[in-house]
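Chemist: Feature list, courtesy of Swiss-Prot:
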| type | residues | note |
| --- | --- | --- |
| BINDING | 10-15, 78-80, 113-119, His134 | FMN binding site |
| BINDING | Tyr12 | NAD(+) binding site |
| BINDING | Trp98 | substrate binding site |
| DOMAIN | 4-190 | domain 'Flavodoxin-like' |
Amino acid sequence: MAKVLVLYYSAYGHIEKMAYAVAEGAESAGAEVSVKRVPELVSEEVAKASHYKIDQPAPVATVEELGDYDAIIFGAGTRYGTVASQLRNFIDQTGSLWAKGKLVGKVGSAFTSSATQHGGQESTILGLIPTMLHHGMVVVGLPYAFQGQMGIDEIKGGSPYGASTITGGDGSRQPSEIELDAARFQGAHVARIAAKLAD
């Protein structure tokens with residue numbers, strides 16, 4: 001059984017919802033799944049003033065534990081075409097894991113969100129891939145086997161690089177069912193590959 005970590009940062013709850021959908025998919029494929037978040041970098045005062053969703057039940061991860069998993073699925077919103085600094089800051093602390101090769105051969109994957117359809121979803125996930133490769137991880141995306149990517153009948157996130165959701169400029173749009181299905185598919189896809197590699 002593969003051990004999968006869904007590691008996320010979510011300011012307003014969109015990525016949190018996607019993270020639990022990813023976890024649901026991984027569990028459906030037989031994985032043992034942990035959902036954890038990275039630490040917030042802004043003060044509680046600023047978070048409250050900005051209406052961040054601060055009541056997230058997922059525990060905060062530690063860098064040291066990342067090597068305990070067969071797969072890590074990273075999730076964070078897009079900030080000006082790149083990953084939110086909270087996740088980037090956490091990842092930038094993994095030098096000791098890199099030095100010991102703790103993530104070599106593990107599966108890495110990512111999902112994201114943006115305010116608009118062309119708000120940097122692909123560039124955000126693509127920006128995470130070099131980090132995974134530097135760690136020696138096996139990168140897995142969201143293949144077109146997930147047919148939900150193919151239609152143009154509704155606004156939706158998702159690409160071969162990973163699942164995503166579009167929040168709207170004011171954050172009022174929540175992940176749609178097809179976006180959550182994409183997240184579930186990606187979680188299951190990662191879990192199956194991780195199980196094969198862990199054998």
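Every residue, even glycine, has its Cβ placed from backbone N, Cα and C.
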Chemist: Counting across all protein chains present, how many other Cβ atoms fall within 10 Å of the Cβ of Tyr12 (NAD(+) binding site)?
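Modeler: For Tyr12 (NAD(+) binding site), the 10 Å Cβ neighbour count is 16.
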Chemist: Can you grab the distance from Ser10 (FMN binding site) over to the residue listed as 'substrate binding site'? Cα atoms, rounded to a whole Å.
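Modeler: If we compare the Cα positions of Ser10 (FMN binding site) and the residue listed as 'substrate binding site', the gap is 25 Å.
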Chemist: Give the sequence-ordered list of residues that share a chain with Trp98 (substrate binding site), lie 6 or more positions from it, and have CB atoms under 8 Å from its CB.
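Modeler: Within the chain, Trp98 (substrate binding site) has Cβ neighbours under 8 Å at His134, His135.
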Chemist: If you average pLDDT over the domain 'Flavodoxin-like' (4-190), what do you get?
Modeler: 97
Chemist: Would you find the one among the binding-site residues Gly13, Gly119 whose Cβ has the most company, meaning other Cβ atoms within 10 Å?
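Modeler: Result for the most crowded candidate: Gly119.
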Chemist: Let me know the most crowded of the binding-site residues, choosing from Thr78, Ser113 and counting other Cβ atoms within 10 Å.
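Modeler: Per the Cβ count, the most surrounded site is Ser113.
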Chemist: Among the binding-site residues Ser10, Thr116, point out the residue whose Cβ has the most other Cβ atoms within 10 Å, with all shown protein chains included in the count.
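Modeler: Most Cβ neighbours within 10 Å: Ser10.
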Chemist: What does DSSP say about Trp98 (substrate binding site): helix, strand or coil?
Modeler: helix
Chemist: May I ask which of the binding-site residues Thr78, Thr116, Gly119 is closest to Tyr12 (NAD(+) binding site) if we compare their C-alpha atoms?
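Modeler: Comparing Cα positions, the closest of these binding-site residues turns out to be Thr78.
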